[in-house]
Amino acid sequence: MSEETVPEAASPPPPQGQPYFDRFSEDDPEYMRLRNRAADLRQDFNLMEQKKRVTMILQSPSFREELEGLIQEQMKKGNNSSNIWALRQIADFMASTSHAVFPTSSMNVSMMTPINDLHTADSLNLAKGERLMRCKISSVYRLLDLYGWAQLSDTYVTLRVSKEQDHFLISPKGVSCSEVTASSLIKVNILGEVVEKGSSCFPVDTTGFCLHSAIYAARPDVRCIIHLHTPATAAVSAMKWGLLPVSHNALLVGDMAYYDFNGEMEQEADRINLQKCLGPTCKILVLRNHGVVALGDTVEEAFYKIFHLQAACEIQVSALSSAGGVENLILLEQEKHRPHDVGSVQWAGSTFGPMQKSRLGEHEFEALMRMLDNLGYRTGYTYRHPFVQEKTKHKSEVEIPATVTAFVFEEDGAPVPALRQHAQKQQKEKTRWLNTPNTYLRVNVADEVQRSMGSPRPKTTWMKADEVEKSSSGMPIRIENPNQFVPLYTDPQEVLEMRNKIREQNRQDVKSAGPQSQLLASVIAEKSRSPSTESQLMSKGDEDTKDDSEETVPNPFSQLTDQELEEYKKEVERKKLELDGEKETAPEEPGSPAKSAPASPVQSPAKEAETKSPLVSPSKSLEEGTKKTETSKAATTEPETTQPEGVVVNGREEEQTAEEILSKGLSQMTTSADTDVDTSKDKTESVTSGPMSPEGSPSKSPSKKKKKFRTPSFLKKSKKKEKVES
């Protein structure tokens, strides 16, 4: 067998190019077991191996010593960065989880159990504000332990959680003050029955809670009770004269009550006697030959009372032991030497600083909480007064330009969406604009470049109120009375009715000039002398003159349709063709007065000017038509009178005006045709070529009568249309 195994042991390693699975033989049992194992189990085994290594490193004494040495070295250098705090938390975790494994270290502060050990899941079941209450009570227990006031039994601090349900917080029996945490407190009712058990497995001391429950029942205003029986307080409680006003701390304590305490409060008579002895306002209760109890509306006030009471008892015991008797002590009068008015609310702040309300003993309690936090107790206390004052923000927008607010560092988180970023920037700009100490006015200033180009359009800019030049020298009216502009000796009811009427108009969107002020009725508004307004007025005047000059005569054919205008054009062309045919036959009829009239050389120049005159308004043509009818009547009565010059027959100038508006090319043809339109249609209206008047105008025949004014030809229906319709 040895000969068979030797070649296998001395076999060379597999080449690098060989696949991984080919390196193992398929008959190997270890390979078969690994291959048949599930993937989830394989991953779990790997994680367990990694955790085992981490646990071994954390449990090694060498690693802990190295970590503590690193923290001490960095603390000596004055480095208080976040990395040191993280290392300190790791050391606290190692110290709190493995007390028996490691020896006691010189860094005993870091080995303290944190006060605030409530996690997010634990806080969900708590009442409103209960988390902070638990942290405060646990912090008071730690302070009692640090000051050396804690005793092995009956040293309890209780707190009322809610007045409606009468639930209270108390530490479990058998837990020392240095071990109390926020989660280990037990919630009980007024009878001492457990409502909510803490993280510890210890019970509640119902005998010790009887005194607290009796005080809570007698005084509903009390929320916190601290019970002490230190040597100093027990000695003062055994003296016949009680606490003497021999020190400043004794005056700060306030009124005190004394009660003969037998150790139990089970009987109803004991509770009644305690209630009579305590009274409605007393905050200190001295239990004869036992100790003291401090009451408070808050935890801060109760600790403030017990702190000064303990100091006053220590001073009194020391003074009596050194003086030899009460007759050798100087007692202070409370009326003369009262330093402060002891109350539930005090004012905190300097003479020139902002004044704000603070509870009694709140500043002192916050200082002690900062001390515990610096020692690593992690109190979880919420500070109302920050220790480091924030820097005052600059009010001048010149020192901090607007571009600084929009600056973003590269190491910031993911980029904000553009719409949200724009909204945030708008809000910041609005806030900065509203908080600015400067006052701006919107001013219209004429731009120099635009003024040189001839455009008087102003440019809108924002200027400071001090830099704006006042356009008028008038004095502004200061409104001192809301009814300043109401006339004197008026009925208030009328004023109210007018106000309601104006409001009703505003609701209905009725625009009006509004009420006029009688005080300002005689004030004459001065005309603005600014160059921009003058230029605007001049330009407006020029535009008005241009508009007046460009006014045209109203078109008499504006109401006609395109089809009617086309028919009118065709009719004019047809008449022109008929006139051309008549002109060709004119030499054969020399006696025709209608054809000899246009060729007469003695024609009046007024008539030629009338035929070649420009556009005439319809009103003028109507006036001429009336004159024409009058002259025609006169001609019938007086046959020897001549026809007046410039008479227009059958509205010829209206047709001439329409032709010039329609087309310039047709205007010349229509003017020549219009002179003979009436002669072709009505031969009786033509002027005879017989005897001439002395002025050179042809006289009218008395036998032929003038017809009345008939409708224009374009308004009549043509014969062709009549035939088609028939």
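Using N, Cα and C of the backbone, Cβ positions are placed for all residues, glycine too.
Marked as phosphothreonine by Swiss-Prot on the basis of similarity to another entry: THR55, THR675 (among others). What Swiss-Prot lists as phosphoserine is SER60, SER344, SER530, SER535, SER600, SER617, SER686, SER689, SER703, SER713 (among others), and the listing cites similarity to another entry. The region 'Interaction with calmodulin' annotation in Swiss-Prot covers 425-444, 704-721 and rests on sequence analysis. Swiss-Prot lists 566-586, 621-631 with the feature compositional bias 'Basic and acidic residues'. Per Swiss-Prot, compositional bias 'Polar residues' is recorded for 665-674. The feature compositional bias 'Basic residues' is assigned by Swiss-Prot to 702-726.
When other Cβ atoms within 10 Å of the Cβ of SER60 (phosphoserine) are tallied across all protein chains shown, the result is 11. THR55 (phosphothreonine) counts 10 other C-beta atoms within 10 Å of its own C-beta, drawing on all protein chains shown. Across the region 'Interaction with calmodulin' (704-721), the model assigns an average pLDDT of 59.
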